[in-house]
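Lifted from Swiss-Prot, the feature list:
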- Trp10, Leu45, Glu66, Arg123: S-adenosyl-L-methionine binding site (BINDING)
Amino acid sequence: MQPSFWHDKWDAQQVGFHLSAVNPLLVKYWPQLELDANAQVFVPLCGKSLDMCFLAEQGHEVLGCELNELAVQQFYRENELAFDISTLAEHQRFHTEQVTIYQGDIFSLDAAEMPNTQAFYDRAALIAWPEEMRSAYARQLAKLVPANSTGLLITLDYPQAELNGPPFAVSDDWVQANLATDFEIERLSSEDVLSENPRFVNKQVSWLTESVYKLIRKG
């Protein structure tokens, strides 16, 4: 999957992955991370997600990373947030009070550029990668977040042969096999959500499960 895939999606505004409200699973499970209100939270592949606004409203400093510049511009514009732009290594840095977004490739982001991160939130990043690229993303996430940082991960799982991603199917077995080296893993919930997702119903996908995990970066 090339960067042009996502740029084309944003250019055409084919952004069905963008939610028009804060993710209810974030609202429900974020308190279980028991973070300090002022903890810095990293949001990989953040798009223009309203979840960043929710995190900022909890008192957190939010640090996102997003490949597409239009998505970043739309986040600030649609939320009526004034911002300034600077350059940091290979990324453009968009900044307003409490929300900073590095625009560019997450694989060229360096942990030195986000030294104060204490937590992370992944709703749409892990499931955005096809299986052949997913492990590389997981390794990069582990490099970026420091030891003992706590995260919330949301995944979808379904029979991949029945529908082309993204979002791609990520099973509990995959999570355990590929993240356990770097993270302590606790599954907080796993629910059947097929009836709530018309795209999957219309494509006659036989089942769809959404899971929530609490992750802690190992030392």
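Glycine is no exception: its Cβ is also placed from the backbone N, Cα and C atoms.
Around Glu66 (S-adenosyl-L-methionine binding site), a 10 Å sphere centred on its CB holds 26 further CB atoms from the protein chains shown. DSSP gives Glu66 (S-adenosyl-L-methionine binding site) a strand state.
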